[in-house]
Amino acid sequence: MSHNQAWMERDLAVLWHPCTQMKDHEQLPLIPIRSGSGVWLEDFDGKRYLDAVGSWWVNVFGHANPRINARIRAQLDSLEHVMLAGFSHQPVIELSERLVALTPPGLSRVFYADNGSSGIEVALKMSFHYWRNAGRGGKQRFVTLTNSYHGETMAAMSVGDVALFTDTYKPLLLDTFKVPSPDCYLRPEGVSWEDHSRAMFAHMEHTLAEHHGEIAAVIVEPLIQGAGGMRMYHPVYLTLLREACDRYGVHLIADEIAVGFGRTGTLFACEQAGITPDFLILSKALTGGYLPMAAVLTTDDVYQAFYDDYATLKAFLHSHTYTGNPLACAAALATLDIFRDDAVIERNKGLAEHMGRACAHLADHPHVAEVRQTGMALAIEMVADKADKTPYPWQERRGLAVYQHALARGALLRPLGSVVYLLPPYVISPEQIDFLAEVASEGIDIATREAVSVSVAAGGPATFHDPG
Ligand SMILES: *Cc1c(COP(=O)(O)O)cnc(C)c1O
């Protein structure tokens with residue numbers, strides 16, 4: 001028995017994996033990873049995989065990065081953790097100062113949670129609570145875009161719209177307003193991204209005009225709807241949204257959990273629209289992909305609405321046990337140092353251009369409807385019929401064939417349904433990008449070559465997060 005096999009058997013006897021139908025592992029091998037280095041992961045049999053998705057979009061500077069490792073080690077020797085209520089520590093203070101300085105102007109306070117979904121909950125609760133404290137208790141509802149994803153906890157699911165994750169739990173969720181997404185994949189032929197995104201804003205304007213008296217906040221994933229299939233839109237939508245939220249007295253929550261820290265080509269996606277949201281949520285790459293942590297930044301206006309004598313009960317009495325963990329803060333500080341010292345945003349421009357060139361030919365593939373890109377995120381949408389963008393039935397799991405081919409070739413590509421995407425760590429080389437483009441291209445050929453027969457049950461999800 002191989003080493004992989006032995007670990008897999010021990011694993012499958014006791015673990016329940018995330019976002020997985022465990023029965024799949026009767027056929028699909030589980031890959032136990034022994035070590036990581038740079039863009040590479042290595043399994044227990046010594047096979048290497050190029051991590052093209054940054055381990056679920058968190059890793060930006062490679063695995064076992066010496067600079068991040070050193071910072072965490074040093075922190076470990078002085079303080080591993082202390083509660084953040086009534087106490088504080090150097091890394092959390094330094095990190096908060098630097099996040100306030102780096103994020104769009106006007107964001108002056110940082111509240112921490114320990115994962116992205118919890119960060120979303122914090123922003124939703126703070127917005128709701130702000131309006132109560134301000135004597136506007138009728139503002140209780142949230143507006144979200146179709147095809148959004150904001151995490152897995154109850155309220156985060158409520159503002160999400162990826163059917164696979166939320167449909168089952170519908171009876172448990174908050175009632176939200178869903179507005180059609182500015183997603184440019186769906187634009188009519190010949191219409192630019194900008195014109196389409198601008199035109200789609202009419203739906204948002206309409207909802208805000210009609211219901212602003214009962215709306216606390218609008219929540220969006222700026223520029224890229226990640227788990228919904230790496231769908232993209234133009235920054236003009238965010239500019240219009242900021243202006244309308246101001247006009248109607250509604251908060252704007254920017255979920256930059258996936259897109260923050262350079263993914264869209266700027267450090268934060270909101271910069272491309274020149275806007276400051278009322279809440280900005282960061283996680284994933286915040287710690288370089290090392291440790292779970294989320295930061296929720298907000299304005300002085302929001303902060304002041306909670307600042308009063310204790311007996312007024314206006315305080316935000318929300319806590320996560322590991323709030324502001326010093327080791328996670330140390331990882332984040334080292335990550336910010338690398339962004340600064342290596343001029344990463346500047347260097348990524350060349351890498352992003354290279355990625356675009358390496359994948360451009362895929363647009364001519366008979367089963368590819370679109371190759372789209374925003375900065376260091378590139379997505380390739382496979383379809384059954386290119387002429388009218390007819391999607392493959394989700395039950396056919398075309399992406400799974402790409403996933404399996406990539407593993408055999410030594411790459412970790414984990415499509416979202418029929419959307420193959422590259423979200424590589426920024427330490428990737430042009431040659432490694434070429435390798436990924438080649439593997440993706442071969443995988444797409446294999447996945448789209450022949451008819452797949454499946455027993456199709458009625459209904460079902462439109463897109464999904466697992467290697468469909
Ligand atoms: C990953 C993600 C989340 C949820 O973060 P977790 O840490 O997985 O809870 C929320 N929003 C977006 C846009 C994400 O990509």
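Using the three backbone atoms N, Cα and C, a Cβ is placed for every residue, glycine included.
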Which of these, Asp51, Asp255, Asp385, does TrEMBL say binds pyridoxal 5'-phosphate at the same site as Gly116, Ser117, His320, Thr321? Asp255
Whole-Å Cα distance, Gly116 (pyridoxal 5'-phosphate binding site) to Lys284 (substrate binding site), is 7
List nothing but the largest Cα to Cα distance in Å, as a whole number, among the residues Trp56, Tyr149, Lys284, Ser319, Arg414 that the record says bind substrate. 34
List the residues of the same chain that sit at least 6 positions away from His320 (pyridoxal 5'-phosphate binding site) in sequence and have their Cβ under 8 Å from its Cβ, in sequence order, or write 'none'. Tyr112, Ala113, Asp114, Ser118
Would you kindly give the Cα-Cα distance separating Asp255 (pyridoxal 5'-phosphate binding site) and Tyr149 (substrate binding site), rounded to the nearest Å? 9
Counting all other Cβ atoms within 10 Å across every protein chain shown, which of the binding-site residues Trp56, Tyr149 scores highest? Tyr149
Consider each pair of residues in Gly116, Ser117, Asp255, His320, Thr321, all listed by the record as binding pyridoxal 5'-phosphate, and report the largest Cα separation in Å as a whole number. 22
